[in-house]
Every structure is written in structure tokens, then in C-alpha cells.
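Below: the structure, in C-alpha cells.
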Amino acid sequence: MSYTPQQHRVNKKLGECLAIANQHFSREFPCPTVTYKLRGKAAGKAYLQLNEIKLNQVLFSENEDAFINEVVPHELAHLITHQVFGRVRPHGNEWKYVMEKVFNVPARTTHSLEITSVQGKTFEYRCDCTTYPLSIRRHNKVIRNQSTYRCQQCQQTLAFTGLQLS
């Protein structure tokens, strides 16, 4: 299998982080499988039982350095945490420990990447005080009478304006 330069950088960062974790915990962690088929707004996702990391190729291409320095250690920390501590909260103290004390990376639970290119369709909803963009999934739930959404300030039920934003 041939790797792109981006994928080489991911593998190199994984190797570096694994070596640090191996030394810190005095054990050998298996190298996870990495795939680039994650869709939507998530940057990455760790599959604990499979020892696999899925990365969002579109967001990766647009934010390569952030992925290498933040997303790859973040997802690997989930796998390491699971293998060392077992079943714990996804972003709990054990995960924070691996991020900050082992990998020396700030323990952020969400990314701040620009997601316009992967966002999908959004629809405008409003109440008396403001407007909200709702995803196509939430919009469809409203249309099918499966859900309603309320304003965070005035608690009024949001109503579709008829406008598709993107």
C-alpha cells in the first residue's frame, strides 16, 4: 500500500506518540489501524474495541497541522486510555491524564476547525428573539413531526422560515 505525504505524517506522529506511551506505561501498545473515511463534522473517531482511528479526509486536507498535532494524539489517547484504564468516561480524568501528562498536548474535547465544506444543508428557524441554522437531519425530524426545538434564550418553539441557508 502506498501512502500520501499526509498519511506518512499521521503514521510518524502515531509512532512518536506510541513510543512515548510505551515508555510512560512500560508496555507495548499495538499500533492502531487508521482509515480516512469519516464523514460529517467530526475530525476523528476512535473505535476502542477495534483499535482503529477514523479521520475525516476533507477536514484533514484543509487542516493538516491541526490534525497532526491535536486530532491524532486526541484519538490515540482514547485508545491508550481504554487499554490502560478500561471503561471510563470518554473525556474523563484518565483521558486528560494521557493527553496532558503523557503526550503533553492540551486536553481539548472539541475542535475549532472550519467545517463549511463538510457541513451539509442547513435551514433557517426562528423564534421571537433570534434565528438558528438547523441541520438537514434536525429539519427533517421537524418536517416529519418527530421532534421540536426550542430557543435557548426565550424557550419558544422554533419555526421554519422557509429558507434553506446552504
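Glycine too: its Cβ is placed from the backbone N, Cα and C atoms.
The model shown is predicted, which means the values in this text are computed figures rather than measured ones.
Here's what Swiss-Prot has on this protein:
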DOMAIN    21-160  domain 'SprT-like'
BINDING   HIS74, HIS78  Zn(2+) binding site
ACT_SITE  GLU75  active site
Original post:
So how many of the residues in the domain 'SprT-like' (21-160) end up helix, strand or coil by DSSP?
Top reply: 54 helix, 25 strand, 61 coil
Original post:
Which of HIS74, GLU75, HIS78 (the recorded positions) has the most other Cβ atoms within 10 Å?
Top reply: HIS74
**OP:** Let me know the model's mean pLDDT on the domain 'SprT-like' (21-160).
**Re:** 93
